[in-house]
Amino acid sequence: MVKRTARRLADNREIIYFDSDPQVVREAEDTRELPAQQPASEMRRDPLTGEWVAIAAHRQTRTYKPPAELCPLCPSAPGRPTEIPESDYEVAVFENQFPSFAEGIPGELATVDGMPMVPKAPASGRCEVVCFTSDHNSSFAQLTPQQARLVVDAWADRTAELSRNPAIEQVFCFENRGEEIGVTLHHPHGQIYGYPFITPRTERMLAAAEKYRAEHGRHVLGDVLAAERADGRRVVVDSDHWTAYVPAAARWPVEVHLVPHRQVPDIVALTDSERDDFARVYLDVLRRLDRLYDKPLPYIAAWHQAPVRVGRDLSWLHLQLFSIKRTADKLKYLAGSESGMAVWINDVTPEQIAERLQRLDA
Ligand SMILES: [Zn+2]
């Protein structure tokens with residue numbers, strides 16, 4: 001059982017505590033003087049690709065690599081209030097102070113001045129920050145399975161709630177980890193974006209799944225999963241409910257997909273045993289990644305969930321975990337082919353990276 005306590009910060013942003021202890025009381029007040037939130041993000045649609053771009057100029061002023069004693073994600077202490085009013089917490093989620101997508105942005109669908117082919121609209125939606133632990137110097141990989149499970153429950157809660165928001169079409173839970181990825185706060189945390197549209201990547205995956213189903217009558221990811229498990233050469237962890245493998249056409253020098261054995265649209269649909277098993281498998285994979293080089297691996301963990309209202313039967317939840325690090329001291333940059341043409345060139349074969357991860361057994 002998870003205890004959930006929703007509160008408000010000084011500027012009326014919502015904060016939600018998730019606790020494994022049902023007795024705990026969360027009623028600390030935010031004592032800061034904060035200006036009222038005035039989110040102003042706009043989105044414009046690229047007429048050449050049909051894809052939306054969010055323009056959030058106010059984010060330039062956001063907190064940039066503060067010293068540890070000023071971390072806004074640590075619990076509050078006397079004389080040092082943070083984003084989290086409590087003096088301790090297990091998992092806390094709050095609305096981002098510098099959101100790319102937010103509720104209540106004034107304006108309506110229009111076009112950019114003099115450009116009738118370029119629609120623009122308020123970037124409606126919601127951006128949240130998920131603090132995985134109150135321990136500043138920890139990481140997701142260092143959580144216990146019980147702590148990781150509480151994060152899964154928090155993701156499920158947020159996905160369910162944001163899915164009920166009529167402005168939101170897709171919920172994206174993710175973690176950026178490491179300075180090389182551009183992380184500006186070291187405290188272990190992830191983010192959740194509620195987008196007001198279906199993302200380009202998801203649209204392409206839905207189209208591919210629909211085409212495959214028309215030809216084969218089955219889900220493409222189900223067939224991929226069965227083939228990976230049968231072959232085994234790229235499988236890193238195979239468990240009761242989840243398999244982690246390096247995809248056969250991996251784009252990144254380190255890339256692992258964690259896929260549930262049952263087709264479910266989103267984290268909300270996972271059973272208790274699937275959530276517990278995910279926590280074990282994910283921690284196992286993260287710990288292998290951290291042993292790959294001589295220091296913790298920078299990575300991006302991206303949950304692929306079904307859109308809120310369409311394509312749910314064509315979706316199969318999975319986590320895509322990848323790193324831009326191609327050797328201990330070299331980064332993979334998205335250069336001409338990747339950035340200009342979206343054609344990835346991978347210098348490492350997926351079989352090589354899978355073999356290395358297999359050998360890094362705990
Ligand atoms: Zn901190």
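Every residue gets a Cβ built from N, Cα and C, even glycine.
As annotated by TrEMBL, domain 'Galactose-1-phosphate uridyl transferase N-terminal' applies to 40-198.
The Cβ of HIS187 (Zn(2+) binding site) lies under 8 Å from the Cβ of CYS71, LEU73, CYS74, CYS131, HIS136, each on the same chain and at least six residues away in sequence. Residues or ranges marked as Zn(2+) binding site in TrEMBL: CYS71, CYS74, HIS136, HIS187.
What TrEMBL lists as active site, tele-UMP-histidine intermediate is HIS189. In the three-state DSSP scheme, HIS189 (active site, tele-UMP-histidine intermediate) falls into the strand class.
If you look up TrEMBL, you'll see 210-361 marked as domain 'Galactose-1-phosphate uridyl transferase C-terminal'.
Sequence-distant neighbours of HIS189 (active site, tele-UMP-histidine intermediate) (same chain, 6+ residues apart, CB-CB distance under 8 A): LEU73, VAL129, VAL130, CYS131, PHE132, GLU175.
Predicted-model confidence for the domain 'Galactose-1-phosphate uridyl transferase N-terminal' (40-198) is 93, expressed as mean pLDDT.
Ranked by Cβ neighbours within 10 A across all protein chains shown, the binding-site residues CYS71, CYS74 are led by CYS74. Residue density at HIS136 (Zn(2+) binding site): 15 other Cβ atoms are found within 10 A of its Cβ, drawing on all protein chains shown.
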